[in-house]
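The next block holds one structure in the form of structure tokens; read it before the comments.
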Ligand SMILES: NC(=O)C1=CN([C@@H]2O[C@H](COP(=O)(O)OP(=O)(O)OC[C@H]3O[C@@H](n4cnc5c(N)ncnc54)[C@H](O)[C@@H]3O)[C@@H](O)[C@H]2O)[C@@H](O)CC1
Ligand SMILES: Nc1ncnc2c1ncn2[C@@H]1O[C@H](COP(=O)(O)OP(=O)(O)O)[C@@H](O)[C@H]1O
Ligand SMILES: [K+]
């Protein structure tokens, strides 16, 4: 799986390469600068072969050093380039200082930031801060310049609103990260000027190095990065760090495939509990999802009042009358029912009755929606019952009800970096719950109690905004249940299901409704090369 790195991990990788003599820091900086220039001309081929005009904003660290490399390389291609430095040249770190000196062009200071001589440049390059941004920005001139870099902000807003589609967006390029963004959390680090609100440079193109950083995919990160390109700078991909977060991708082992000689019971029997009459649709969606991902059999556990309603709407699914917790415990004496799903449309009272019986059975269990909300006032009781074969699938509201203190830390306004991230929050929740937690959203984060963590980012080329439709979460719960019925371990089931969910939405595109999702599974399974990122 592809790694999503923190700033510290990226530094460790860089340091290891330098200390083992594979490369020098200066050479890495040169490769980074070359990568940025290459990405610019790939993104905007019309700029190639012409002598354009660029403003490069350089910061006081190595991100600024990358900026000076880019300034030099563009000038070597005949561009008119103006470099502006925030900071004291004498205090630049060694590699950045070498590139500042190699640049040989004029460099203005921060006081001139807003008076850059080149107006309306073809390129505005943000090399102020990258992975080293550790605190809020307190220099007013710099703060204001984040706006100048982005001086066609109105154009962005107009495009976002659907008007002015003829407006060419500014060619703003962020080196590594848009300045102001925390590389570990995707949060905008605050500033000392409340009158301006929080501020971050927005870019049309972000060029990062070696691997994506968590801040590119979490929280607000993607809305500031524009298009994200990662350039190889020759660092080894091998990192031996259990802490590293993975990017969700198509599973290879265990695989979605079924073997020739298996029969339906080999693939497990999923059991999805429904709510009462008029509320059974959500569980039926989940059940259909479980069946499509390959559970051998799927049965709906239905209260007597809803039996007729459900029976009239199903074919391959089976039905079993479950009035309450006692019924469920008796039904679960059948050891073949190996994965349960409770929550979608279940109703709070029925959830309070059924969830303890389901958890006591020690089966694989997915708890979603009402099964989580029903325990908002007695989270300690729920936590007591959870075990290692459970997966919790909260959205933001459900997460906050179950883990209020963690949610509060996550939503607090950040000042210092690295800020508390969704990854930190979900890891903490999984450790407390003693089971896998999948926190939904465009940046779905999945963590296990042992610290394993993956992000299923529906951003950039994997954007799937059509998933924001009623019932799509129910299908996700069904996918996880079906995969656990098939024997996928909880973490693998949750990550694979989240990946599949987004791939189904991408396959269909606009107009998607939740009913479509299970029916798209065969098309996604049939694509051997569905991408990981
Ligand atoms: N780590 C690596 O492997 C590589 C790093 N490179 C570049 O180096 C960057 C990281 O360099 P650095 O660690 O020097 O960090 P940065 O250049 O991102 O920033 C660090 C500097 O900014 C200052 N600073 C931080 N927050 C501030 C604030 N709010 N207001 C004012 N000053 C603030 C710090 O005191 C320090 O001087 C990466 O983002 C990337 O662009 C590349 O050269 C290629 C390889
Ligand atoms: N903008 C978005 N981009 C990608 N995925 C999204 C987006 N909005 C919601 N989703 C996904 O859609 C699902 C919605 O689930 P949930 O909030 O439980 O809704 P429901 O209860 O209606 O099913 C989650 O898997 C979530 O990750
Ligand atoms: K930057």
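Indices start at 1 and increase along the chain as displayed.
Cβ atoms here come from the backbone N, Cα and C positions, even for glycine.
Caution: TrEMBL annotation is automatic and unverified by curators.
Features of the protein shown, as given by TrEMBL:
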- 62-66, 130-136, 176, 282, 345, 395, 474: (6S)-NADPHX binding site (BINDING)
- 63, 126, 179: K(+) binding site (BINDING)
- 440, 441, 442, 443, 444, 473: AMP binding site (BINDING)
- 10-241: domain 'YjeF N-terminal' (DOMAIN)
- 247-528: domain 'YjeF C-terminal' (DOMAIN)
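Note on the binding-site residues 62, 63, 134, 444: the fewest other CB atoms within 10 A surround the CB of 134.
In this structure, none of the binding-site residues 179, 440, 441, 442, 443 sits close to ligand 1 with a C-beta under 6 angstroms from any of its atoms. Residue 63 (K(+) binding site) carries a helical DSSP state (H, G or I). Here the candidates are the binding-site residues 126, 179, 440, 441, 443. The one whose C-alpha lies nearest to that of residue 134 ((6S)-NADPHX binding site) is 179. In the predicted structure, the domain 'YjeF C-terminal' (247-528) carries a mean pLDDT of 95. Annotated pair residue 179 (K(+) binding site) and residue 131 ((6S)-NADPHX binding site), C-alpha to C-alpha distance, rounded: 9 Å.
Between the alpha carbons (Cα) of residue 444 (AMP binding site) and residue 63 (K(+) binding site) lies a span of roughly 29 Å.
Sequence-distant neighbours of residue 176 ((6S)-NADPHX binding site) (same chain, 6+ residues apart, CB-CB distance under 8 A): 32, 63, 66, 130, 131, 183, 206, 207, 208, 209, 213. Ranked by Cα separation from residue 440 (AMP binding site), the binding-site residues 62, 65, 126, 395 are led by 395. Among the binding-site residues 63, 126, 179, 443, 473, the ones whose Cβ sits under 6 Å from an atom of ligand 3 are, in sequence order, 63, 126, 179. Under 6 Å, Cβ to nearest atom of ligand 2: this is the test, and of the binding-site residues 63, 126, 440 it is passed by 440. A coil conformation is recorded for residue 395 ((6S)-NADPHX binding site) in the three-state DSSP classification, outside any helix or strand.
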